[in-house]
């Protein structure tokens, strides 16, 4: 589905990403894990066209990634850009109209994220968790091949975190390809099929994950190994 080879990103003399290599298989959940400032968001911003790469190769569906592929990628990188005085439905309608997608897709997508039965109240009255779920519904309007979620549970209360986990689990059961980032290992250990540990701008470990290993222990051991190299 997606292969990243020798990806670099620098700002002047400051290197943010240093020869990053990743392989995200189709139909799997790939968890990008690392501390704040490790480079997780930079990778996701490059993949969604928000930031340009310095060098390296990105292969998407068997060919070199280009900006035309952005229509095939749904994403929540920062707080969703919502119209706060409009309802969830009307927010969706704005985007379907802009993209030329049938309005009939709106309610099924709202149901998919647990927002199909809410009233017409404006988004400004929503909790952060509801805004995140609406953002995800909007990101699915174009039927993307890849869904990218950058620390989607950040700032949510326990109820919001659980609701979002259940939604991602339902996407996983449908075979959707998802890339999710987090610095909290417990948030992804039940979701991930593959893990990539990023530390100081480098992928220090990438492997298939079946849930049998303790992620925190695995990550800490890998960091110790890197520091000793």
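Along the chain as shown, the residues are counted starting at 1.
Cβ coordinates come from backbone N, Cα and C, glycine included.
Listed in Swiss-Prot:
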type: DOMAIN; residues: 2-225; note: domain 'ABC transporter'
type: BINDING; residues: 34, 35, 36, 37, 38, 39, 40, 41; note: ATP binding site
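Annotated features taken from Swiss-Prot, shown on the structure.
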{"residue": "34", "record": "ATP binding site", "Cβ neighbours (10 Å)": "23"}
{"residue": "35", "record": "ATP binding site", "Cβ neighbours (10 Å)": "13"}
{"residue": "36", "record": "ATP binding site", "Cβ neighbours (10 Å)": "8"}
{"residue": "37", "record": "ATP binding site", "Cβ neighbours (10 Å)": "12"}
{"residue": "38", "record": "ATP binding site", "Cβ neighbours (10 Å)": "23"}
{"residue": "39", "record": "ATP binding site", "Cβ neighbours (10 Å)": "25"}
{"residue": "40", "record": "ATP binding site", "Cβ neighbours (10 Å)": "22"}
{"residue": "41", "record": "ATP binding site", "Cβ neighbours (10 Å)": "19"}
For ATP, residues beyond 34, 35, 36, 37, 38, 39, 40, 41 with C-beta within 8 angstroms of the site's Cβ centre include exactly 181, 183, 198
Helix, strand or coil for residue 34 (ATP binding site)? Use DSSP.
coil
Reduced to three states, what secondary structure does DSSP give residue 39 (ATP binding site)?
coil
